[in-house]
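So that you can see what the record holds, here are the features copied from TrEMBL:
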type: COMPBIAS; residues: 506-526; note: compositional bias 'Polar residues'
type: DOMAIN; residues: 33-484; note: domain 'Major facilitator superfamily (MFS) profile'
type: REGION; residues: 489-526; note: region 'Disordered'
type: TRANSMEM; residues: 36-52; note: transmembrane segment
type: TRANSMEM; residues: 106-125; note: transmembrane segment
type: TRANSMEM; residues: 134-153; note: transmembrane segment
type: TRANSMEM; residues: 229-247; note: transmembrane segment
type: TRANSMEM; residues: 333-355; note: transmembrane segment
type: TRANSMEM; residues: 391-411; note: transmembrane segment
type: TRANSMEM; residues: 423-444; note: transmembrane segment
type: TRANSMEM; residues: 456-479; note: transmembrane segment
Amino acid sequence: MPENRDRSNHVLVWEQAEMATDEGVLPAKRFGTRHYIVFMLFLGMANAYVMRTNMSVAIVAMVNQTAIEKDAEVFDDECPDTDYGEDTHDSGQDGEFIWSTSMQGYILSSFFYGYVITQIPFGLLAKRYGAMRFLGWGMLINSVFAFVVPVAARQGGAGWLIAVRFIQGLGEGPIVPCTHAMLAKWIPPNERSRVGSIVYSGAQFGTVISMPLSGLLADHGFDGGWPSIFYVFGIIGTVWSIAFLLTCHEDPVTHPSIREDEKKYIQQSLWGNASVHIPPIPWTSIAKSLPFYAILLAHLGQNYGYETLMTELPTYMKQVLRFSIKTNGVLSALPYLAMWLFSIVVGWVADWMLTSGRVNHTWTRKISNSIGQYGPAIALIIASYTGCSRALTVAILTVGVGLNGGIYAGFKINHLDITPRYAGVLMAFTNCSANLAGLLAPIAAGNIIEGKPTIAQWRIVFVIAACVYLFTATFYNVFASGARQFWDDPENDEPQKPSIEAPSHSEANGNNGTTLTHRTVNEQTS
């Protein structure tokens, strides 16, 4: 195939994409700087989910359960009540605060309101100013304000606590779009499946660590128990944030100590994505892009179905099966553990499929996503027909959530395939929309089962969630693509029009060691 050349007769990096798969281009050092970046992003995602979920455990110990008025909870009588009441010891907890159930709901949701509204702004800012500092400083704010939670609750009451949790949510807003933006600059295409799975599986890892450890600290921690949850995780998050800001860099080009062979490998495999110049966001083209809508709908369906799996099935088991899975720490963490392990396995298999040359990016994403969304859909349907079998329902919950890990090698990392330069922006839009869709799951379930939590009514809840999974996964399989889209092709970029005359090469080198901020793709290959 003849090489495409520009006016200056330089080979465009875009045309060298396949060079990254040649053995001679691979960096000599297998564990490189990019692997350290991945490790830090994994820990950052774990920290983020610890901060997100620890309040749900802490609030049980914070509230005086015997002092608040409780509405009589409605239970179904279709299943025997054997073993029901094994969690009655929880009702005897006497916390410091008398907050109604509705007030507890406001406290728990305040974090997510802050989290959702900052998704898109930080995605746009990361594209313009870089993602690393927004991510590091945002998580530092989140972690520091964790120390304020006990003081706010004790001195200011529920109002101040809601404000502090809202600020924590604001600080965590950059985690997903900025992580995506950094992955786009650091990870070669044939490593994205396993790297994306590793990084985003930090969410499940953080949940697995947070739930039992938070419970242990609530019972045996210092300063009354529950405050130690926020102090301990606040310290861990602060240490990570400082280490991230001091040791990580925006991209391979700006990293001072990355090996030259690794930097060259990353730049070549990203088709010139390491170029500093990124043109304005092509909003019109994105708005017309079916591959983008495929990712968006898959993300919407994922959050709706996942919230149904993780928030409604335990309620179903309590109201209908008369058994509370939350009383068993192992069982409550088991689905997250299964999803974490399976997502890593799928990621490695997906990258093997790509590097072997047997399957292209498009089909790899579709196969992985089908496992991740059709699997839970089938599990939800089966769960609605298991009757009064507790063991079988727990098994289905674990398998369904475990298979859900396939999404990380599916739509979740697909933004990087279709548009490496705008991946963070697209993730901000899809993640914001998906989190809003996720809020609909408990609302829909609550309206369907209110006053009549029968197996038949719960079956409607599960089937609706399964249909959402099936529809969005099918739409993704029809319209998704793993190819870089034409509107993110560097060859189609309009020529830059500098406001001042660019200095000559000798002038640039003689300017006290500085270089031009905007470099063309050709200069990257010279």
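Placement of Cβ uses the backbone N, Cα and C atoms for every residue, glycine included.
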Top Cβ-contact partner of the transmembrane segment (229-247) among 106-125, 134-153, 333-355, 391-411 (pairs under 8 Å): 134-153
Surrounding residues of the transmembrane segment (36-52) on its own chain - C-beta under 8 Å, 6+ positions past either end: 111, 115, 135, 139, 142-143, 146, 168, 172, 175, 179, 182-183, 186-187, 195, 198-207, 209-210, 233, 236-237, 240, 243-244, 247-248
Long-range Cβ neighbours of the transmembrane segment (134-153) (under 8 Å; 6 or more residues past either end): 44, 47-48, 51, 55, 62, 96-97, 122, 125-126, 160-161, 163-165, 167-168, 170-175, 178-179, 182, 223, 226-227, 230-231, 233-234, 236-238, 240-242, 244-245, 248
Per-region confidence, the domain 'Major facilitator superfamily (MFS) profile' (33-484) (mean pLDDT, whole number): 83
Distant-in-sequence neighbours of the transmembrane segment (456-479), which means Cβ under 8 A and at least six residues beyond its ends: 290-291, 293-295, 297-298, 300-302, 304-305, 308-309, 312, 316, 320, 366, 369-370, 373-374, 376-378, 380-381, 383-385, 410-411, 441, 444-445, 448-449
